[in-house]
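Below is one structure, written out as structure tokens; the observations come after it.
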Amino acid sequence: MSRYDPAATESRWQAAWDEAGVFTARHDPSRPKYYVLEMFPYPSGRIHMGHVRNYTMGDVVARQKAAAGYSVLHPMGWDAFGMPAENAAMERGGHPKDWTYGNIADMRAQMKPLGLSIDWSREFATCDPEYYGQQQAMFIDMLEAGLIYRKNAVVNWDPVDMTVLANEQVIDGKGWRSNAPVERRELTQWFFRISDYAGELLEALDRLKDWPEKVRLMQANWIGQSRGLQFAFSTVNAPEGFDRLEVYTTRPDTLLGASFAAISPDHPLAKHLERHDAGVAEFVAECRRVGTSEEALEKAEKKGFDTGIRVRHPFDTALELPVYIANFILMDYGTGAIFGCPAHDQRDFEFASKYGLPIPPVFVAEGTEEAPLTEAFVPMKSERVAYVRGFAGAEIQTGEEAVAAAIDFCESKGVGRGVTNYRLRDWGISRQRYWGCPIPVIHCETCGVVPEAKENLPVRLPDDVTFDVPGNPLDRHPTWRDCTCPKCGAKARRETDTMDTFVDSSWYYARFTAPRATTPTDPEEAEYWMNVDQYIGGIEHAILHLLYSRFFARAMQKTGHLPAKAIEPFNALFTQGMVTHEAYYSEEAKQEPVWQGMLEPGESPDTQMTVRHITYHFPEEVERTEDGAILKTTGQKLKVIPSTKMSKSKKNVVDPMNIISQFGADTARWFVMSDSPPERDVEWTASGAEAAFKHLGRVWRLADEIARAEGAPTAEDVALDRATAKAIAEVTQGIEGFAFNKAIAKLYEFTNTLSRSGAGAEAKRRAMRTMAQLMSPMVPHLAEEVWSMLGGEGLVAQAPWPKADPALLVDDMVTLPIQINGKRRAEVTVPKDMAASEVEKLVLADEAVQRALSGGAPKKLIVVPGRIVNVVI
């Protein structure tokens, strides 16, 4: 008997698929189409088990849909621009282009052995000039359509690397790479008008029925719709031109609890004061050393500077509130100015307590009296409270009712107007980096900002750049930077900022429909292939990537690059769980000198401190024991961290190439699909991989045995046909419902049924061929081997998906338990319509019943049709 040897067979079938062009996507109007797409990877150079799981999921769907008669598009590309390539060039020498394309080649070589049903003819990288040139063409179209504009904006500036940092790249107020204190600097930036679509993007979430509820909620919260009041305080002692201070509040019902007003350090009033007051200038400079994100401001100590300016309360002009510049107010939300109600906002409470400001409560819990507060009272808006300083609505009402009543009251009195605001800000895309898509505009002293002529696209990145000096190499590349104005022909300068890499990934799904087109999309191909029917990726992309893609589809539709039906580009979204693994580490305590800044007064500079040094170890260096783990080389006992996300830092990574080399691609695919529901994390274990390999070997041996079997039909043929029909129905349901683990569980069960069946040889071969078809999406190489062994025609990858005979799904057999003197002793399976007298004969012939009777006859034998048989001795 031959043995299961994936190393000898898997590459052969991959070559056969390539030769037959099995996975080439074909525009075929006579067939329904299905577009399945996994979020394309960043070319880091190595694939990991998370990639294996993600792309196997998409592959299972793509293969099953192709077998079911769909024309399938299942492409692959590379999200290839970005900082890591540029940082690699700085740290190791070389060029980002070489580093990126080298990594792409490495990852492609690692992915192909997985046997994915990808149409590699459509492959592209976002750093290909053919791709980013079309992106530049769309930029110009969107600029002319008013979807893009330029303005000054406050950004995180790294003074060492001389670049803008994203909020997440600012760690404890310092640049993630340079460790230099970050500055808030105002720069001219390019923006997409995504905020114009905030209401539409929010409202349309309700129509995305096949998206996870969690993702829709995360996007809704990010868009952040709020209903509030915008009004103006009149000012006292303010500079000329600042006689009013516009504020926006979502809690106008708390106006009578206001004890101060606060403005952003970037507010026009703060900027005016900064130019004329050294104290203000010093405070604003301190504020600018904090990142620009809400998270950074939330973590920072709340500080304020009393400007000496006062504002009059709109309902009591005798009451004047101090105006502070506060480090926690964002200029780009609302008006950049707020009033503080410390009794009902914890941040305002801490601020008022710090600066000795009044804390008058506006409402109290229902049934309680007004009392001094030790912390802010912040009930849910839906909770009923008693208003002690209310001015609109009932005395006892919910916060929601009170806000609506307050807006109506204020509007009736001419104090402001009700406004719907959104947390979503316009999307700033300017990056002071080399390795990105150049922004295709030219700055001319005569004509101003001029788009590059489309016939000159792509504006290619120059190759002759160096990274030995901080900052953007494009700024110091005169032969690239200096150009002529396409409008007047005068000397001009190119825009040296490049686009945020999120732009690259916001439309790649559309480019896959016609990746070689000389326009961003081909109308005919986009009409046929769009939308993406099934999108697969991690929950970490729930907000930015998916939200930007939804906006971009609208912008592309407005500029004629996508059909109206593609305004929501992804019909269904699935967010898969992670692949996890135990982590192993050893620790050692060492005595080291105390850092000088930590020494107590009078303490010796030679003072030592105990420092724990932790060393992580790769799984292949570790041997598991009954009570833990040891290091193979030394026997040292190790600490074990329960299964956690695979990461290079913890060294708990499993190299897919090692798994493929040891067990084959099908084992890796089977295991990551079988052990857990796909939306949950799956723990990778060596024992689990070995068990998967053993099962696939068992399937191989079973197929080999059945292929060589001989024998006439038997009475069990029909039962096996029924089991086959059920397997078809349940595996199909599992795949279509993204319950891959349930589909695989059914295949385990079907294997057991087939191995135990006493059916005839031809019935078994028929069932085994069906098994090959059913397991083909999960383990395509083994499926081809089994299909070939059993005489299947052509490739199983091209065979139509099996259909269950409805008649065989109707179970006309019933299993009746046999009770002897009230205790269950046996069972008998009979046709549902079998006569009771015939059932009695089968029961009396049962071995367990015969042993109990010891040659005698039962006192009673009662058959309850379809339910039970009672034997009384």
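A Cβ is built for glycine as well, from the same backbone N, Cα and C atoms used for every other residue.
Swiss-Prot lists motif ''HIGH' region' at one of the ranges 41-51, 470-480, 602-612, namely 41-51. Looking at the stretches 90-94, 265-269, 645-649, 755-759, the one that Swiss-Prot records under the feature motif ''KMSKS' region' is 645-649. Same-chain residues lying 6+ beyond the ends of the motif ''KMSKS' region' (645-649) with a Cβ under 8 Å from its Cβ atoms: 48-50, 578-581, 616, 681, 684.
Taken together, the residues of the motif ''KMSKS' region' (645-649) have an average pLDDT of 76. For the motif ''HIGH' region' (41-51), the residues of the chain that approach it from at least six positions outside its boundaries are 78-80, 82, 84, 100, 102-104, 106-107, 110-111, 125, 538, 578-579, 646, 653-656, 659, 668, 672, 684, judged by C-beta separation under 8 angstroms. Cβ neighbour count for K648 (ATP binding site): 11 (other Cβ atoms within 10 Å of its Cβ, all protein chains included). Secondary structure of the motif ''HIGH' region' (41-51) per DSSP (helix as H, G, I; strand as E, B; remaining residues coil): 3 helix, 0 strand, 8 coil.
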